[in-house]
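Everything on this sheet refers to the single structure shown next.
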Amino acid sequence: MLDHSDEIHPLFHGAPKTTEFRKLRKRLVRQTRDAIERYGMIEKDARWLVCLSGGKDSYTLLAVLYELKWRGLLPVELLACNLDQGQPGFPATVLPEFLKKMEVPHRVEYQDTYSIVMDKVPQGRTLCALCSRLRRGHLYRIAREEGCSAVVLGHHRDDILETFFMNLFHGGRLATMPPKLVNEEGDLFVYRPLAHVSEADCDRFSTAMGYPIIPCDLCGSQDGLQRQQVKAILEGWEKNSPGRRQVMFKALMNTRPSHLLDTALFDFAGLARK
């Protein structure tokens, strides 16, 4: 690991010199690299649109990708992107100033999706679905305009687990957000390189680095969201049985269609005795 500030990317200037932080940084790099390689995210001459919301997860994503690129382990071009959605009180200057200071190529765009969401969604209903759909549409458009082949998101292991249980409890299906997919139009990849990284590690890293975290008041102000309920359940399981989250995550990589009930995945009718 490089220790001198003139030998590392500006995103890591001022990094703690503690053994604990070095282990955390090494773990983040290893887990992210493993996910990138495992799910085949690297294309020749690729350009990635790295989405930056200002939350702890997206800061971690940006820093770790630049760490990999700095080491010569990520041969792609990176363009950071923040979509200012017009939320009241959003500190519009924080991210542009941060990215300029960190010498990170970026694009910041203002689109007032907040007003659309508040106008279209009945009072008391969850805002997240429409907000996410509008944001995704703009990010895809920006990626095309910038000549990017992939939109890169900061979802981590815990997001993936929570989505799995939301689909299980409320959607009646076994599914979650995949680490890699192709959009409906078929012209862009969507990557989640932090798929193997825990939320706790993202929090520890961004806090230790002192990045200017921007809270999502639009989502966080809503009580009783399904995701928050599932998060509380998972936290309870983890407290009673430490390591439970990682065991469940491993299960998502170790499915056995023959031991489930989906006839689209396994031909039960075609089973024959010898």
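Using N, Cα and C of the backbone, Cβ positions are placed for all residues, glycine too.
As annotated in Swiss-Prot, motif 'PP-loop motif' covers the listed stretch 53-58 rather than the other ranges in 53-58, 83-88.
Regional average pLDDT for the motif 'PP-loop motif' (53-58) in the model is 95. Comparing Cβ neighbour counts within 10 Å across the binding-site residues CYS128, CYS131, the minimum falls on CYS128. In the motif 'PP-loop motif' (53-58), helix, strand and coil residues by DSSP number 3 helix, 0 strand, 3 coil.
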